[in-house]
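See below for the structure under consideration.
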Amino acid sequence: MSLCDAKINEDTLKRLDPGATSLSKLDPKTLQDRKLSTQRTCYSYEPAFSTSANSPPLSSLSKSFDDGGLFDHTSRKLTHPTRAVDEQDTSLVQLRDQLEVHFQGLKKEFEAKRGESWMPLRAWTDEKWKWDDESDAETEGQPSILLSGLTKTINTMTTYVRNDSDASSGSPGRKKEAADAIEMVLTQSHQDQAQPRGPLMLTEANSKKNTGYAFTNKRKWAILTVVGLCQTSMNYNAAVYSNAIGPLNEHYHLGSNHFTNARAGMAWFLILYGIGCELWAPWSEEFGRKPIMQLSLFTVNIWQIMAGASTSWSHVLTARLLGGLCSAGGSVTLGMVADMFDPEEQQLPILWVSLWSCLGSVIGGICGGPIEQFLHWRWNFWIQLILGATVQLIHFVYVPETRSTVMLNKEAKKSRKQNPEANVVGPTEHEKLDFMACLRIMGRPYKMLVCEPIVGFLSLLSGFSDALIFSFLESYGYVFGKDGWGFTPSQLGLALFALFIGYWLAAVLYYPVIRRHNQQRGNGQVLSPESRLSALRWIVLLLPIGLFGSAFVVTGPPLPWIAPLIFAVLIGCANLAIYFATIDYMVAAYGGTYSASATGGNGFARDVLAGLCSFYTGPMYKKLGVQNSTWVLFAISALVCAPVFFIYKWGPSIRARSSYAQRIKEEREKSAAVEQTTQGQA
């Protein structure tokens with residue numbers, strides 16, 4: 001599109017010289033006596049860029065002023081005063097209004113396609129275009145076009161028709177160009193003061209250097225590692241409590257009922273943990289990731305003090321309930337990945353934070369054994385407090401804010417403070433918090449969990465695998481305890497190293513897969529979301545295989561104790577792969593708009609099912625026995641793993657029936673079409 005494409009039409013040329021049919025045939029004497037000056041703007045517009053169904057016809061944007069708009073430079077008067085072009089002219093006012101409507105539409109299309117804010121080549125002010133051989137004072141009184149909507153005043157655009165004599169004469173204000181050229185001489189009055197057209201809103205497009213995307217890779221990964229430690233701390237709190245259950249039952253005489261004794265503290269912590277993640281997420285987008293994470297860590301640490309200093313079981317249970325509800329968890333962590341990495345670069349960061357999240361529960365089990373064996377049960381909570389306070393301090397010192405809107409708001413305030421005349425605003429400075437919108441965002445994960453087959457089945461798989469890990473915290477006592485190989489609490493904790501090894505093995509296996517995906521995208525290949533499940537089809541089989549093998553070797557001596565741990569490595573490998581791949585697939589399938597809600601449903605299922613396993617694990621192993629319980633878990637694992645293969649094959653058809661996925665697909669297609677159009681015009 002050209003917003004200023006000055007041309008000389010044939011009708012005007014014929015009025016200058018009826019015998020002329022083109023510019024080259026004009027008599028040089030005519031050109032000398034009547035230097036042609038026309039005041040007109042020709043707007044060409046592509047139909048594909050139309051942004052408003054109610055916009056006026058675009059053909060009206062191309063206007064040709066008749067000879068009444070031509071100047072006689074000798075007398076400096078309009079040849080037809082009755083056709084003088086000024087702000088009172090009806091046709092010009094209509095042109096102004098039409099230009100305003102279509103310009104705003106074009107501006108929005110430009111920003112959407114290019115991913116950057118439209119900026120004028122120079123500041124838009126009340127400009128006065130004057131004759132190059134006149135002083136500023138001589139230009140006063142010239143007719144002008146006032147575009148009030150665009151806050152720009154254009155006075156006279158002079159178009160000189162030159163011949164060879166002009167090119168060599170060295171006339172004032174004329175550059176030496178080829179013969180028969182058309183030159184537009186644009187000058188601006190130095191007396192005019194700039195009048196801003198409105199505040200400039202900072203966005204990720206025009207101020208990317210002030211967002212998390214501009215961080216160096218080293219800094220990004222350092223931030224992710226610290227945030228991963230915070231996630232590890234929260235999952236450690238969930239798991240290590242398992243080793244305080246026995247002492248708490250004994251201290252407060254709580255009995256053996258899993259629903260009323262100290263086991264309930266673990267179950268309800270995890271269930272409310274799943275709910276708390278969704279409660280914290282919208283506030284982290286409104287107020288920033290750092291203050292929300294700090295508030296979450298601080299409140300969790302406060303409840304640890306309450307539990308450690310408790311004098312009754314009700315104090316401990318209340319502290320556990322509030323601790324789970326105040327744990328921000330993976331929702332904020334995954335949000336920080338989106339804050340710093342482009343969608344095509346997010347696979348490896350998601351794998352990294354997923355690894356630390358899974359490690360937290362295993363580290364809790366490993367450390368819990370020695371704490372139970374050698375320390376008082378109150379130290380279980382004091383050590384949670386020490387770890388939580390340490391990671392909170394590290395997070396406060398080393399992790400900056402990463403939420404783009406919050407960072408840009410601060411940058412705008414900083415600019416205005418340094419320069420009171422700076423006319424910039426942040427993207428959400430003047431927006432009011434919409435509580436209803438927050439409630440809708442909070443409720444969307446649960447809706448997608450029920451209404452979206454992809455989210456529902458993959459979350460069920462992810463939740464079962466996580467519940468299996470937390471069940472090991474109790475079932476290992478039945479497998480390796482006094483009825484098995486006679487492990488002490490410390491040895492039971494060390495047995496969980498098998499899961500620790502399995503997690504790292506899965507991360508190593510996925511690294512070349514992610515690297516290949518990045519190379520394919522770098523070569524311009526478009527990968528379907530289902531490609532994220534390609535490796536999972538094979539690794540997910542390790543979950544039922546691990547349980548199947550364990551069923552034959554969990555019977556105790558004379559079989560070696562290491563046999564069940566070998567199969568536990570396979571189960572740990574499958575657990576991390578399931579967690580990472582399901583999140584990765586949901587991010588690709590539901591885009592940036594709904595991926596947070598989809599992954600939120602995944603996290604909710606993991607935490608809730610892990611909490612529920614605390615109620616059934618002990619009774620199941622006591623009633624069915626170790627081997628039969630393992631067979632039951634194997635059968636369930638085979639059922640929940642099956643949807644991976646169906647979704648991989650028929651995922652596109654399933655997404656075609658999803659209203660959420662279809663909206664994302666339409667947005668992507670529109671964005672791609674606009675991008676192609678922009679590249680074609682460039």
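Backbone N, Cα and C define each Cβ position, glycine as well.
Where the annotation comes from TrEMBL, it is an automatic prediction and has not been curated.
Per TrEMBL, the feature region 'Disordered' maps to 18-38.
Per TrEMBL, compositional bias 'Basic and acidic residues' is recorded for 26-36.
As a whole-number mean, the pLDDT of the domain 'Major facilitator superfamily (MFS) profile' (223-655) in this prediction is 93. Annotation source TrEMBL lists domain 'Major facilitator superfamily (MFS) profile' at 223-655.
The transmembrane segment annotation in TrEMBL covers 265-283 (among others). Within the chain carrying the transmembrane segment (265-283), a Cβ under 8 angstroms from the stretch's Cβ atoms is held by residues 234, 237-238, 241-242, 245, 248, 292, 296, 316-317, 320-321, 323-332, 335, 438, 441-442, 445-446, 470, 596, 600, 603-608, 610-612, 614-615, all 6 or more beyond its ends.
Summarising the annotation, TrEMBL assigns transmembrane segment to 319-338 (among others). Beyond the transmembrane segment (319-338), the same-chain residues lying 6 or more positions past its ends with a Cβ under 8 Å from any Cβ of the stretch are 212, 223-224, 227-228, 230-231, 234, 237-238, 241, 265-266, 268-273, 275-281, 284-285, 289, 292-293, 296, 299-300, 303-304, 306-307, 310, 346, 349-350, 353, 357, 381, 402-403, 583, 592, 596, 599-600, 603, 607.
Residues annotated as transmembrane segment in TrEMBL: 350-371 (among others). Here the transmembrane segment (350-371) has Cβ contacts under 8 Å with residues 221, 224-225, 227-229, 231-244, 330, 333-334, 337, 379-380, 383, 466, 469-470, 472-473, 488-494, 496-497, 499-500, 503-504, 507, 510-511, 514, 572, 575-576, 579-580, 583-584, 587 of the same chain, all six or more residues outside its ends.
The transmembrane segment annotation in TrEMBL covers 377-399 (among others). Beyond its flanks by at least six residues, the transmembrane segment (377-399) meets 222-223, 226-227, 229-230, 232-233, 236-237, 240-241, 243-244, 247-248, 251, 290, 293-294, 297-298, 300-301, 304-305, 307-309, 319, 367-368, 371 of its own chain at Cβ-Cβ distances under 8 Å.
Under the heading transmembrane segment, TrEMBL lists 449-473 (among others).
If one looks beyond the transmembrane segment (493-514) by at least 6 residues along the same chain, the residues whose Cβ comes under 8 Å of a Cβ in the stretch are 243, 347-348, 351, 355, 358-359, 362-363, 365-370, 469, 472-473, 476, 480, 487, 534-535, 539, 565-566, 568-577, 580. Per TrEMBL, transmembrane segment is recorded for 493-514 (among others).
Annotated transmembrane segment per TrEMBL: 535-555 (among others), in sequence order.
Panel annotation: around the transmembrane segment (561-581), residues 350-351, 354-355, 357-358, 362, 461-462, 465-466, 468-469, 472, 479-480, 484-485, 487, 495, 498-503, 505-507, 509-510, 532-533, 535-536, 539-543, 545-547, 549-550, 553-554, 606 of the same chain, lying at least six beyond its termini, place a Cβ under 8 Å from a Cβ of the stretch. Positions annotated as transmembrane segment by TrEMBL: 561-581 (among others).
The transmembrane segment feature in TrEMBL is assigned to 630-648 (among others).
Long-range contacts of the transmembrane segment (449-473) within the same chain, counting only residues at least 6 positions beyond its ends with a Cβ under 8 Å from a Cβ of the stretch, are 238-239, 242, 270, 358, 361-362, 365, 368, 496, 499, 540, 543, 568, 571-572, 574-575, 578-579, 582, 585-586, 589, 598, 601-602, 604-610, 612-614, 617, 633, 636-637, 640-641, 643-644, 647, 651, 654-655, 658, 660-661.
Away from its own ends, the transmembrane segment (630-648) comes close to residues 454, 457-458, 460-461, 464-465, 468, 471, 530, 533-534, 536-537, 540-541, 543-544, 547-548, 550-551, 554, 585, 620, 624, 654 of its chain (Cβ-Cβ under 8 Å, at least six residues beyond either end).
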